[in-house]
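Quick look at what TrEMBL annotates:
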type: TRANSMEM; residues: A:21-39; note: transmembrane segment
type: TRANSMEM; residues: A:51-69; note: transmembrane segment
type: TRANSMEM; residues: A:76-93; note: transmembrane segment
type: TRANSMEM; residues: A:99-120; note: transmembrane segment
type: TRANSMEM; residues: A:127-150; note: transmembrane segment
type: TRANSMEM; residues: A:170-191; note: transmembrane segment
type: TRANSMEM; residues: A:220-239; note: transmembrane segment
type: TRANSMEM; residues: A:251-270; note: transmembrane segment
type: TRANSMEM; residues: A:277-296; note: transmembrane segment
type: TRANSMEM; residues: A:302-318; note: transmembrane segment
C-alpha cells in the first residue's frame, strides 16, 4: 500500500496550529509584558518566587481540577473540602503532635471526600455540578459547626516547626514553590505518559466511544475525583501550615472559582477532552499576576471578583473561537 | 418553473458536499431526486428548506428570488419537509407533534386542543390510518412515527412537499395509501420532491427526475424516456464500486454460535452460527432491534436470556473488556458519536483498544505506538500524513479504517461492523468492502449490520433479515434480492399469514 507523505512547509497554517495549541503561552507572555509595564520590579527573582509561592496552594487544587474537567466533569466542592480537611487536620496535629500523621490524615481524608463525590456522580448517576454543589455546602457546614464558627489554631508547641513547612526555603527557593512544581511535573507526567492519562482524555472527549473500546469509564472518572481530593488534601495541609489558623467560615473560600478560572485560562476545554497541565500551571500564575497588576494599577481590591469573572468568560469565549476555526 | 435552484454549491469546511448543482420542479409535478447515499440529495433539500445556507447559488420560488432562506421562512412559503430521520418529539402527544410551532389558539393565547385533535383525526382519515391523536408518540412504533411525520406535512396548505425516503419504514399497504394521497395532491397543484432508492416506486409515481452523484449534477429528464437500467447507470456511474469482489473459500469450522439471545423489548430468541472466514449480514428496517443486537453481541448491553459460544467456550458477556479479550471487535454505527475520539490523534485512536486489554505496563511508549500504527497502516491502507494529527483530519473512509485496525491489532477473530459505510463516499465504501474481503482472507469472520442492499449483496455470504426483534428469514447468496429482503424486512410474509387466518 502506498503511504502518502504530505509535505508541510512552515507557513501560516502551521503557525495557526501552534497558536491553537499553545495560545495560553501567548496570553502569558502578553500578561508578563503588562506586568513589567506596571511594576518595574516584576522580573526580580524574589518577586517571581513569591508569585509561584502565592499561586501554589490554589495551584495544587487546580491541577486536580484540570483532570476532572478534561474527563468531562466539574468539581465545585474543592474549596469546602480544603477547609474541612485543613480544620480537622489542625485538630489531628494538636492531639497527636505529629506533622507526619497530620499529612497522612489530610491525604487520606481528602481522597475519601473526593471519592465520595465521584461515587455519587457515576454510581448514583447525578450530574457532577449538582453533587459537588451539594457537597460544597455540606462540607463547609460541617467544619463551621465543628469549630462553632471560630478558628482552628495550631497549638503553640507545634507552631514554630509546623509553620516552617510553608514558610521555609531550600537554597533560597520557597518550599511551597518547590512542592507545587514537583507535583505539577508529576501530574503532567501522569497525563502525558501513562495509560491512565490517555483514558482521561478519551473519556472526556467521547464517553460512548471510550466505553466501546473497553475503557471502564466510571472507574476513570471516579479516580479523577479521588486524585482531586488527594491534591486538595495536600493543599489543605500546606494551607494550615501557612496560616496556622483555619477560620472555618472563610478558609479556602472560593478556591473552586480560582481553580476553574486557572483551568479555563490555561486553555483546557470546558467540554472535556482537551487540555494541558502546563496550561493550568501558567493559568494559576496568571491569575495571581492579575491580582498584582490590579493592586499596582490601584484598582480597588473589591473588584477582584469582577475581573476574574470577566476573565473566565473571555477565556472560554476565545477557546470556542479557536475550536470553531 | 415553479422552483428553480441554480448552481448551488455547499462546502462543509474542506468537504465539498455540493458542486454547482441545479434543480427545477414544475407546479403539480412529482419530481424524483435520485442519487446514492452521500450524493448530496439531503444537503440540497436542507438548503431548500432553509436548514443550511448555500455557499454559492440562487433559489427562485414562484419566480421570486429567495434571499437568506430560513426554516421558518420556508414553512411560511408552504415548503414542507418530511425528513428521513424521524423529527418527532417522543414526549409529546401525536396531535401536539402535528401542530408543533403552529398551534391553533383560542381567546388569543390559549391552546385550542379540541380543534387540533379534530383536525388531526381528519388528516389521519385522509391517510386511511388509525392513530389516536391523544397517544404519546413514544408509544408508536417506527412506521407509525413515519406516518405522523407525513401527516404533519399534509395538515396545512402547502405548495411544495419534500419527501426524503418516506417509505423505508412503511408496509406495502401504507405505501399504496401514501401514493394515492400524492396523486390527489398533484391534482391540486402541489409539487412534490420525492427521494427514494427504490426504482419501482420512482418509476410508478414520479414524472421527472434529477440525478446527483458525488455532489454533482448528472442528468435531468422525464421518467418515461428512461428505463431502470439507464437510471441505475446514471446513479452509479462507471465508478470503481461496480468491480466485483473475489470471494474466498469459507472454512468448515464454526467459530461462533448464538443461541436464543434475548434482550427485551428489543429482540427475542436470536440464534445463528458463524463460520471461520464467513461474512454474514444482518439487515432489517428501523426498529427491528438490529442495533441493540449488535451492542449485545459486543457485551455493551445486558441480555435477559441466551448464550454465545465462541471457539468452543461460553462467552462472558458481562463486560466489554471480556468480550474484547475473547476475540470480538466492533466498529460501532454513528462514527462521530460512538467510535472516534475526536480530540485524540490518529495513532492514539488506533491504539486505544490495545491499551485497555493487552497493554500491561503503566507507561505508554511513544516508539512502540508509532510502530503499531505503521504495521496496521500497511494492512488496512490508511492514507495519512502525520499519525499525530487529530483523527478528525481524516476522511470518513480513512477514519473507519483506523477503527477497524484497532481490532486487527488485538488479533480479534470476529468483526462486528455496524453500518460501517455510513456517511462515506462511494470510492471509500469500496475500499471498506475490499478490507472486509481481506479480513476473510486472514480467516477472520465478519458480522455486518447494514440496511443497504447493494452493500450486503457485495460482501455477505448469508443474510439474516430481522423484523420486529426476530430473525424473519435467512437468505443464501443465491436467494438474495432486494425484493426478497424487503419482503421479509417489512414482515409481509407475516401479514399474509394473518390475512389467511382471518378469512
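Heads up, the Cβ atoms here are built off N, Cα and C, so glycines get one too.
Counting Cβ pairs under 8 Å to the transmembrane segment (A:220-239), the stretch among A:21-39, A:51-69, A:99-120, A:170-191, A:277-296 with the most such contacts is A:99-120. Sequence-distant neighbours of the transmembrane segment (A:170-191) (same chain, 6+ residues past either end, Cβ-Cβ under 8 Å): 49-50, 52-53, 55-57, 59-60, 63-64, 66-67, 70, 197, 200-201, 231, 234, 238, 242, 276-278, 281. The transmembrane segment (A:251-270) shares the most Cβ pairs under 8 Å with A:51-69, out of the stretches A:51-69, A:127-150, A:302-318. If you look at the transmembrane segment (A:99-120), the same-chain residues 6 or more away from its ends with a CB under 8 A from one of its CBs are 64, 75, 77, 81, 84-86, 88-90, 92-93, 126, 128, 131-132, 135, 139, 158, 161-162, 165, 221-234, 236-237. Long-range contacts of the transmembrane segment (A:302-318) within the same chain, counting only residues at least 6 positions beyond its ends with a Cβ under 8 Å from a Cβ of the stretch, are 23, 254, 257-258, 260-261, 264-265, 270, 287, 290-291, 294.
Long-range contacts of the transmembrane segment (A:127-150) within its own chain (CB-CB distance under 8 A, at least 6 residues past either end) are made by residues 68, 73-77, 79-81, 83-84, 87-88, 113, 116-117, 120-121, 246-249, 256.
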